[in-house]
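Residues or ranges marked as active site, proton acceptor by TrEMBL: A:HIS134. Marked as substrate binding site by TrEMBL: A:TYR129, A:ARG143, A:GLN239, A:TYR243, A:THR348. TrEMBL lists A:20-119 with the feature domain 'Fumarylacetoacetase N-terminal'. TrEMBL lists A:125-410 with the feature domain 'Fumarylacetoacetase-like C-terminal'.
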Protein chains: 2
Amino acid sequence: MPLKSWIASANDGETDFPLENLPCGVFSVGDGDLRCGIAIGDRIVDATGLEEAGLLRPDPEALVLDAPAWNDFMELGPQAWASYRARLTAMLRHDAPDAARDAIATYSVPMRKAALHMPFRVAEYTDFYASRHHATNVGTMFRGPDNALPPNWLSIPIGYNGRASSVVVSRNPVRRPWGQVKAPDEALPHFAPSTRFDFELELGAIVGLPSDGPVSVARAEAMIFGYVLLNDWSARDIQAWEYQPLGPFQAKATATSISPWIVPAAALAPFRRPVPDRLRPVLPHLDEPHPTGLDIALEIGLTPQDGVETVIARTNASELYWSAAQQLAHHTTSGCPMRVGDLLGSGTVSGAAPDSRGALLELSWNGEKPITLADGQSRSFLDDGDTVTLRGHAQGAGFRIGFGACTGTVLPALDDPYPA
Amino acid sequence: MPLKSWIASANDGETDFPLENLPCGVFSVGDGDLRCGIAIGDRIVDATGLEEAGLLRPDPEALVLDAPAWNDFMELGPQAWASYRARLTAMLRHDAPDAARDAIATYSVPMRKAALHMPFRVAEYTDFYASRHHATNVGTMFRGPDNALPPNWLSIPIGYNGRASSVVVSRNPVRRPWGQVKAPDEALPHFAPSTRFDFELELGAIVGLPSDGPVSVARAEAMIFGYVLLNDWSARDIQAWEYQPLGPFQAKATATSISPWIVPAAALAPFRRPVPDRLRPVLPHLDEPHPTGLDIALEIGLTPQDGVETVIARTNASELYWSAAQQLAHHTTSGCPMRVGDLLGSGTVSGAAPDSRGALLELSWNGEKPITLADGQSRSFLDDGDTVTLRGHAQGAGFRIGFGACTGTVLPALDDPYPA
């Protein structure tokens, strides 16, 4: 039985933002300042306003929602997260007292009037490679089917450090990058705009508690404040030339888009599922103590300039062989300090079926089998003007925990990256 | 003819900190608070104190040295850097007026009484691989002499994103990490303390100006505020198992030590040298418009627990095939935004001679030829209790621009990384 809110739009079963969700974002209205907000149905609760007015304070001692970013709130820790969530839920429930309704009515805005901004300051960004189907597909393309999975893949949730400065919120356009590329028949590289620009459908986990030494998978799970959808824009031609032996670098540094709402881990707790069956025993420090995977339906829409959207893939986060908690535990094995605001990308989420693959590289099989869009156009990689939209939700009984869209449009490359 | 200061200890020709240097650090005395300071001879000028008292303000409008870190100062830009340097030089010169001497006398402390702290907040940390001898040695060990340099190496200053949270200032001990390792004769990995823990001698460049798009090498050079010595502690056994295909991750995340003083790029300008001759033509956007390498003598001391130091290698930063300016220019090719406080490690600095190699991996040739210390002990990799000390200076006529030592001692691994 879904929770019922006195805000009717939260109860229709279709909204991404029912009372069970309460995701955290940052918004502005018109020329107003940036404020922390919570999505509920078709409205945004002005959490900064409620705090300033003393009507709902996460911390009795200090303002934490004036930044504007949710980092200071995260610093308060899980008890404060739970307490805030419980108190806000009580203010939004169908049986909320009049005073609470008045407070929310005063401190909320229609979502359609709001612009959304980065919901948190990204401390550091790490990108993993946790979907077995994705790693197998990519490995098959580049190393053949016999060596598709790297030897370490079934033992380590392998990942690399990405570039936090590249992270932008949904709706920011993304400019096609220049870079060094070398075709197989060329002796030397040249410098040119990427012609194999791609997206990657990922789930992003946000670290809400710091650590300073190895942490267990159970502890790691408790450190995760919430989740976003994440598009790891990738220049495949730049990547192919640069990535040996130190890994992806400029190919992944142009931009990384995230959805605007941090869906709390608490809202997703009912949707935990065990990670897929192990194909090789996992060392004890990476074993999951209880289910740490997540059942989140995901889809990718591709819209050509002035065209209509085609949903080009559907998959599920439960395909991920390594959960965010396992990734985070591995991240700390060496003693690597983790900080509030660290963002962990899951890696491309791909399923077994050809239409459940999370990147054009796989969907078009390295350009060999271009996909066809609703209007008859075909794509191997992204064209200028293409808009990529990621969507995701966990389906409850009569409600869904949604993320809001993560979208971005490809702008043409600069004519001259080094004007005189 | 060296500049002369009224602080006699700055004039002896031996100090790392003559009037030509004026490096930026953060210090405290006793239980006092952390303050921005400038090293001169055997003293530290209390730059925060001079600013507070209105005696020397980098910015007439706002306090920028109260953080305590040099980031806000860097944000002011090169004109402010140069103006501050000129004004402080005038206050410290032999012909400084009495008022300036009184100000410095009030706002300075003996260096021996001070503890030194992180001089800046690391925004993000990138580590390059820019020494040809280092890359050739490592490649020879692992891929054989015919494929020693990766195909891209002569065309790209290749690098990977490191972990900013791992950066600590000199004198912090470093705990031997645990990690997944797999010996060649093992079928599966196990989880254990690293037995091949190593250092890497590097030069670190600090970005002082942001960018938001591709920047030229000339512009990149102007963005570099200063330099530190950097020890990229590396667990070779963890690295060997994890690094394919996404690059080093936990092997490099335990700690990265830097020297406590940021030596201004302005102080090193007289020591610019052309980068080594190109073995393959460089694409125009990475060519140096004028000399961008640096003539900095470097050395590594290794001191066993309760033992004496042996200088185990001497080399020079001018060995780096790619300068920091070239690295930074490459870093921006994809449009990757750079921010004030970004730290770029050069990669291990190795020369051609066996005793000019910047890591034990090379000095002991992957453990095949252990090195011998002054007291007769041998080392293939680091023992618990070993102290590694990096030193560096540019030699002028009658003065030297030094960095102060970058030192760290290896602590034993945790007995149990996951206590119940």
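The backbone N, Cα and C atoms fix where each Cβ goes, glycine too.
Recorded features from TrEMBL, shown on the structure.
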residue	record	Cβ contacts under 8 Å, 6 or more apart
A:TYR129	substrate binding site	A:ALA135, A:TRP153, A:PRO157, A:ILE158, A:GLY159, A:GLY347, A:THR348
A:HIS134	active site, proton acceptor	A:GLY347, A:THR348, A:VAL349, A:SER350, A:ARG357, A:GLY358, A:ALA359, A:GLU362
A:ARG143	substrate binding site	none
A:GLN239	substrate binding site	A:PRO248, A:ALA251, A:LYS252
A:TYR243	substrate binding site	A:PHE249, A:ALA251
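By a Cβ separation below 8 angstroms, chain B lies close to none of the recorded positions A:HIS134, A:ARG143, A:GLN239, A:THR348. Counting residue by residue with DSSP, the domain 'Fumarylacetoacetase N-terminal' (A:20-119) contains 38 helix, 24 strand, 38 coil.
Of all Cβ atoms in the shown protein chains, 29 besides its own fall within 10 Å of the Cβ of A:THR348 (substrate binding site).
Secondary structure at A:GLN239 (substrate binding site), as computed by DSSP, is helix.
Mean pLDDT across the domain 'Fumarylacetoacetase N-terminal' (A:20-119) comes to 98 in this model.
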